[in-house]
Structure formats: C-alpha cells, structure tokens
Amino acid sequence: MLKVGLTGGIGSGKSSVARRLAAHGALVIDADAIAREVVEPGTPALAEIVAEFGDQVLTPEGRLDRARLGEIVFADETKLARLNAIVHPRVGERTQELMAQAKEGTIVVYDVPLLVENNLADQYDVVIVVDVPVHTQVERVTANRGMPEEQVRARINAQASREQRRAVADIIIDNSGTEEELDARVAEVWEELQRRLHSR
C-alpha cells in the first residue's frame, strides 16, 4: 500500500484532483466528509461542540450549522484550536478504520485540508500539494461558494501559507490552468505514484 497525503488551500481544486485520482483507481479518504460524519446529530463530538460554543452553532433541526461555527472559529485562533481538538482525533480514528480496509497494493489518497497545520506530513509515503496563487483562491471561492471576499481571505489566513505547503510537498500540482491541463498533470502524477508503489 502507498499512503498519499493530498492537501491544498481553500479553492485550490484539491477535491477535483481527488476525484481524478479516484477515477484512476485510488482509494480516496475524504477528511472533510469524515469530519461531517463525526459531528452528525447524536454523536459525542457534536455534544462537545455545543458544550463549548453554545446552541447558536445548531440549526433548528439540531444539526451543526457549519457556516455559523466557521464565523466564530475562523476569527479566533484559540476557538479554532479547541474545535480541532474535538474533531480531529475522531477523524483520525475513523480514517485508520478505513485505511485498515484497503487491500495490499492499493494507492490510498487521504484528502486532508489541514495536513500542514496539523503536522501530518510524516504519516504519508508521499505528500501532494495542489497549488494556486492566492488571488485565484479568492476568485474561485467567491464565485463558486458565494462567500464574501473578506471571509475567504480570513479562511486563507487561518490556513498554512503556500510556502509552508510547498515546503512539505513531494509532488506539486499547479492547478491554475485549464481542466485539460489538470487531467494531463494528474495522469502524470498517477504514473509517478504507481512507480513509487512498485519500487517499495
């Protein structure tokens, strides 16, 4: 098995890369999806979040209001650290369960936004960083998610910098071009991952 950590800032197109790698045959484990799963209604993590941040972070249906929580934590590093301390250990446990199900000879891609922030690079055989300039991140997120520019910039500033991400990368995918260019680059990266898997 080859364990690959895939990361990139908000709006970098990391999920597009993950989808393409899955199409090539990778088992993709999505940290964001797992993070949503571990805070479903009735979970211990959601109860802890409400105890920490109050009922204001719940929707009328009793689900986590991610937008409201985001407004609170992305403006305050201490609160963000507290949220991460609740959610990340549970995401880690669930991830280990999923990885344990992978067959021998599988390329497992762990799609994790906060790989650099949580010092996780050493857990992977290969780290892939999806890289775009900050202005591209801002343009994409304001256009695709309808988020105000100042909110997007606050999220970017709460994440690792481009330089910090690039410093831990074994492979960098520049995603500032076209969809076709991304297809071609991901195909090259898949070949490289196959080589690394078979040379182990």
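Yeah, the Cβs are placed from backbone N, Cα and C, and that goes for glycine too.
What you are looking at is a predicted structure, and each value in this text was computed from that prediction instead of being measured.
Pulled from Swiss-Prot, these are the features on record:
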DOMAIN    3-200  domain 'DPCK'
BINDING   Gly11, Ser12, Gly13, Lys14, Ser15, Ser16  ATP binding site
Of the binding-site residues listed (Ser12, Ser15), the greatest number of other CB atoms within 10 A surrounds the CB of Ser12
Counting across all protein chains, other CB atoms within 10 angstroms of the CB of Gly13 (ATP binding site) number 22
